[in-house]
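**Student:** Grabbed the feature section from Swiss-Prot, which reads as follows:
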SIGNAL    1-19  signal peptide
CARBOHYD  ASN24  N-linked glycosylation site
CARBOHYD  ASN57  N-linked glycosylation site
CARBOHYD  ASN164  N-linked glycosylation site
CARBOHYD  ASN168  N-linked glycosylation site
CARBOHYD  ASN219  N-linked glycosylation site
CARBOHYD  ASN242  N-linked glycosylation site
CARBOHYD  ASN407  N-linked glycosylation site
CARBOHYD  ASN441  N-linked glycosylation site
TRANSMEM  467-487  transmembrane segment
BINDING   LEU529, GLY530, ALA531, GLY532, ALA533, SER534, GLY535, VAL536, VAL537, LYS553  ATP binding site
Amino acid sequence: MVALLLFPMLLQLLSPTCAQTQKNITLGSTLAPQSPASSWLSPSGDFAFGFRPVEGNTSFYLIAVWFNKISDKTVVWYAKNTDQDPSIVEVPSDSFLQLTNDGALSLKDRSGQEGWNPQVTSVAYASMRDTGNFVLLGADGTTKWQTFDMPSDTILPTQVIPCNKTRNKSLRARLDINDYSSGRFLLDVQTDGNLALYLVAVPSGSKYQQYWSTDTTGNGSELVFSETGKVYFALTDGTQINISSGAGIGSMADYFHRATLDPDGVFRQYVYPKKANAGILGGETWTAVSMQPQNICHAIVSDVGSGVCGFNSYCTFDGTRNQIASCQCPPWYKFFDEQKKYKGCKQDFQPHSCDLDEATALAQFELRPIYGVDWPLSDYEKYEPIGQDDCGRLCVIDCFCAMAVYNQSTSTCWKKKLPLSNGNMADYVQRTVLLKVPSSNSSQSMISTSSNKWKRNRKHWVLGSSLILGTSILVNFALISIFLFGTYCRIATKKNIPLSQASSKSQLPLKTFTYKELEKATAGFHEILGAGASGVVYKGQLEDELKTNIAVKKIDKLQPETEKEFMVEVETIGQTFHKNLVRLLGFCNEGAERLLVYEFMTNGPLNRLLFDNSRPHWNTRVHIALGVARGLLYLHDECSKQIIHCDIKPQNILLDDNLVAKISDFGLAKLLLTNQTRTNTGIRGTRGYVAPEWFKNIGISTKVDVYSFGVILLELVCCRRNVELEVVDEEQTIVTYWANDCYRSGRIDLLVEGDDEAIYNIKKVERFVTVALWCLQEDPSMRPNMLKVTQMLDGAVAIPSPPDPCSFISSLP
């Protein structure tokens, strides 16, 4: 036993007395954690391979590669057990690592039990290179194994990660900056040729959601960190998608470089000056020079998992140039573990017991306002119209309610329950979050002093903006196609079958109204909201407890369809729901009367907002564009059958009280059957927004909606109609022509002249215009699908320069 204990000490005596700078590492060389020979250096001394103490627990060590000449010895690679078990190799101080005389690299503990080896044999020597790559080589100089082939969370200049045909190669973020355990984010170089970032489960690593990608399925070749400092994804056709440009970041001679998937899910490229106060970046610290995605707090909204931060917390930024995400608890909440904030937050008081009666609950709890935080999910009830006091009372007496959200302008109240997910700072909605906490008169005290401290200083906690409304999981049923629904009413009437019973399969959760009910609700169909080809829309109010505002459409023009086709279509549409589709509340099928009842959209159609004298804020227009894109994506790709809207225009995009865009009026919609990508039909839509293929003898596809969206996107950017005959410069008459000319001449700024907010965000303006020009390609096959469109708008994928569209004929009135 004594011999075993003395063995590592004997190895230290036989080994060199310090970490040596050497070109080759010979067989028999040994490292031990607490000996002078604890690492092998590269020839320049820039990098080291060996034992690195674990932060916070110096009794244990990693097998790692690190930058050796900088003060914090930044780790760029660390050993993991196996692909099947990606846990880190963490060993006690009496372990040793040896390049054995048998030609193997072996990590053993004091008893001689092997704890790790890279599973290669016949090694003749090893080398720690100045690139940061530790290599095991054969006698003929061929590489047997290298750390560059087994990346952890970082890549270095000259490192290449190819798309493997049989197994994904990936970077896995750490769990925390000082915790090297496999974390919650993954950069995947996939076998299908795509490079993507994923939110993943811990510890299993199963993928939750992709939140950024190059969208290069079938075309990707390799992820490259060039020796000039440029990070890009090479494609099989020889082109490159830049992850970072490499421009303006200083020479490789003056700076150390690395690109790391950080614990907050952002893939950042960093530089560090090799000399004190060197270069324009200055400072002896790592500085981020590029990052993907640009705003991680807004990039992830996942139905599964907690989002960027843990449950019941929210994501903001640390205020530094590196834009590191910072997770925070709302007031009266505290972290489960201050050292592991990714675990989320919990209430710092005794939760509301469901055994309390209403009077006791009102005595023990109250609501306190907070501002500027957004938890987009977790809604479970909505009240409208209602006062703020009543909104608060309904939350206080409900043991499931953790907070209420109130909109003063529309008298609307939403209740949210725990756990709260996807929390982030938000600056684009004016609403108040009412957080349920112990009453100031209650005998219940806060559990920790941190919450009391916040309570005393809560006036300083105002964050300066308000909460975005999440989608209610109980109330987001999309409206049924007017055309299809009217036909269904006629079929059901002819057969003397009540509409609600005509299909036992569809089981649509819709209310049946009588004609008298709707006549009374609309005060005799008095106030007209709008009119379309199939009928007139009136404003009304239901006589329910909440006095719900509604929009009632009287259908007066129907076309016959076969019952079989209609039943297939109505069942499909009736089962759809999305926050960017207007919700159908019910219907009337009484005699010859056909009426549809919709949720009322406070701010009316987009054209009213967009083309009035006052220009909407740039961020408002951005959110509207993204909302319309996501609504179309749902119709095209996420329904059981694809739905082509066929009439996307500003008049058919309605805005709720928070200016959330919702697609409406499915009167011209067309469904595609399974495995069908095109359909033949007569010309539908509105002049100025219909795609060129409508005028040709070819089938139409979802790409007609993509074309219409391209027109609307330019209207949102420019805040003007597609065609304006009274402009001074006739070259600006048709916005699609004008935008193309501005893009080709490099004068995108002319499209937003006088719009200071847009000018400030000119890069995003250019991105939106580029996406629009892709949508407006005359050849439908050249247009992106709506998934690609949303990714391009979000900045999740690179956007190549669009071809010059051959024709904008359909934009003409």
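Cβ atoms are placed via backbone N, Cα and C, with glycine included.
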**Student:** From the Cα of ASN407 (N-linked glycosylation site) across to the Cα of VAL537 (ATP binding site), what is the distance in angstrom?
**Tutor:** 26
**Student:** On a count of neighbouring CB atoms within 10 A, which of the glycosylation sites ASN164, ASN168, ASN242, ASN407 is highest?
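**Tutor:** When each Cβ's neighbours within 10 Å are tallied, ASN407 tops the list.
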**Student:** Return only the integer: C-alpha distance in Å from ASN407 (N-linked glycosylation site) to ASN242 (N-linked glycosylation site).
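**Tutor:** Answer for this pair: 43 Å between alpha carbons.
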**Student:** Among the recorded positions listed here (ASN24, ASN57, ASN242, LEU529), which has the Cα closest to the Cα of ASN219 (N-linked glycosylation site)?
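**Tutor:** Spatially nearest to ASN219 (N-linked glycosylation site) by Cα position is ASN242.
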**Student:** ASN57, ASN219: which of these glycosylation sites has the sparsest Cβ neighbourhood within 10 Å?
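**Tutor:** Each of the glycosylation sites ASN57, ASN219 was scored by Cβ atoms within 10 Å; lowest is ASN57.
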**Student:** Check the Cα-Cα distances from GLY535 (ATP binding site) to the glycosylation sites ASN24, ASN57, ASN164, ASN168, ASN242 and tell me which is shortest.
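**Tutor:** For GLY535 (ATP binding site), the closest Cα among ASN24, ASN57, ASN164, ASN168, ASN242 is found at ASN242.
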**Student:** According to DSSP, which of helix, strand or coil covers VAL537 (ATP binding site)?
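**Tutor:** Going by the DSSP assignment, VAL537 (ATP binding site) falls within a strand, counted as strand.
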**Student:** Once the chains shown are all counted, how many other Cβ atoms turn up within 10 Å of the Cβ of GLY535 (ATP binding site)?
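**Tutor:** Its Cβ has 21 other Cβ atoms within 10 Å.
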**Student:** Does LEU529 (ATP binding site) have same-chain partners at least 6 apart in sequence with Cβ under 8 Å from its own Cβ, and which are they?
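**Tutor:** When sequence neighbours closer than 6 are ignored, LEU529 (ATP binding site) has VAL537, TYR538, LYS539, ALA551, GLY604 within Cβ distance under 8 Å.
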**Student:** Any idea what the Cα distance is from ASN57 (N-linked glycosylation site) over to ASN24 (N-linked glycosylation site), rounded to a whole Å?
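**Tutor:** For ASN57 (N-linked glycosylation site) versus ASN24 (N-linked glycosylation site), the Cα atoms are 32 Å apart.
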**Student:** If I take the alpha carbons of ASN24 (N-linked glycosylation site) and ASN242 (N-linked glycosylation site), what is the distance between them in whole Å?
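**Tutor:** Answer for this pair: 35 Å between alpha carbons.
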**Student:** I'm trying to understand the geometry here, so how far is the Cα atom of ASN242 (N-linked glycosylation site) from the Cα atom of ASN164 (N-linked glycosylation site), in Å to the nearest whole number?
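**Tutor:** That comes out at 20 Å between the alpha carbons.
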